[in-house]
């Protein structure tokens with residue numbers, strides 16, 4: 001009788017809370033616990049509880065991962081799995097359009113709709129179409145702003161249960177998806193699938209304009225917008241537009257002041273996970289990005305890219321006011337403020353304004369007396385990284401700034417700049433008393449004493 005309902009699609013058991021229907025009473029009973037929050041099955045190792053026995057059984061194997069217990073083996077290749085379903089499933093259905101394979105006919109049929117555009121589930125608000133009804137249901141909540149699924153730890157609300165489930169792992173640090181190649185674990189299956197491509201080197205998605213390839217379709221979609229200049233994601237607070245949702249999400253935290261990514265060593269918090277990852281390298285001194293020309297290493301990829309321009313002399317960014325060129329976009333933006341005299345960064349303590357954020361950050365340390373940059377050799381501390389870099393050259397005797405005219409070298413760029421004026425006879429420092437000019441500020445300072453002695 002129960003089996004016949006698979007064919008008849010009969011679902012006589014209805015949940016009196018959400019009206020969802022089921023073909024079996026036991027499935028309804030199990031479902032009902034999602035409303036009552038009742039979790040009868042408890043893990044004796046970590047005391048985590050579950051609403052049904054099968055979930056507990058699967059969870060128990062997460063405690064035995066160190067022994068690599070995978071009791072179910074494939075009859076063909078002998079690969080072992082935690083679950084029986086993983087060992088018995090074969091990808092039977094292959095798409096002729098994109099070669100993607102599927103375990104189930106229903107999933108395969110739904111996927112085909114993305115190519116044929118037939119029988120899609122369409123949103124009556126914005127006409128966006130979906131291959132799955134569940135995706136449409138979740139999408140509709142973006143219009144109603146409905147977020148019925150609430151995290152019991154931090155009260156953050158979500159529009160669908162699966163997103164809440166993924167979010168909960170940020171609190172439990174549970175990472176149930178393990179890589180078979182390197183045993184690295186992940187909190188989401190999508191993260192694991194993305195990681196697996198680092199082993200296979202697979203990049204099946206190619207840009208039809210510049211032929212750059214990507215391991216994920218999502219990355220290709222985001223990249224394609226660099227050609228079309230499309231920015232469909234708009235901030236409701238300031239109307240700034242972005243080409244991808246993650247950039248918008250990061251931006252919104254500027255308004256909410258939310259910094260969810262916290263360093264476990266010094267408790268410093270960040271708006272973006274990438275910033276935390278980069279910051280962590282200041283503790284580990286890890287510098288994974290190396291220059292092919294001089295072998296200098298960097299903690300950030302962007303720092304390496306900027307450094308490479310010191311070798312190529314490339315200056316791709318041009319000021320539209322005076323045509324001066326720059327090797328870094330940030331340098332050009334900073335320079336533009338010399339024309340506009342804009343100083344958007346204001347100190348909360350003394351109201352002093354600055355043209356760029358880094359100068360404000362350095363200035364704030366004059367109030368806090370903070371000196372976070374320490375010399376590894378003599379333990380002297382500094383308030384600015386550039387001052388530490390300059391100081392380190394007193395130990396290494398490094399003189400990276402070389403005069404193109406006479407090959408004389410200097411430890412600081414400012415010293416080179418002053419020296420070059422001795423060749424060009426440029427004397428920008430003038431005495432306010434007698435108008436005599438000098439090429440170096442120290443020479444002017446010495447000269448001024450001749451007036452004070454009179």
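Including glycine, each Cβ sits where the backbone N, Cα and C put it.
Heads up, TrEMBL stuff is auto-annotated, nobody curated it.
Quick look at what TrEMBL annotates:
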DOMAIN    13-40  domain 'C2H2-type'
DOMAIN    93-120  domain 'C2H2-type'
DOMAIN    121-148  domain 'C2H2-type'
DOMAIN    149-176  domain 'C2H2-type'
DOMAIN    177-204  domain 'C2H2-type'
DOMAIN    205-232  domain 'C2H2-type'
DOMAIN    233-260  domain 'C2H2-type'
DOMAIN    289-316  domain 'C2H2-type'
DOMAIN    345-372  domain 'C2H2-type'
DOMAIN    373-400  domain 'C2H2-type'
DOMAIN    401-428  domain 'C2H2-type'
DOMAIN    429-454  domain 'C2H2-type'
For the domain 'C2H2-type' (373-400), what are the same-chain contacts with Cβ under 8 Å, counting residues 6+ beyond its ends?
362, 365-366, 409-412
Taking DSSP states H, G and I as helix and E and B as strand, how many residues of the domain 'C2H2-type' (289-316) are helix, strand and coil?
12 helix, 4 strand, 12 coil
In the predicted model, what is the mean pLDDT computed over the domain 'C2H2-type' (149-176)?
79
Tally of residues which DSSP labels helix, strand or coil - the domain 'C2H2-type' (345-372):
12 helix, 4 strand, 12 coil
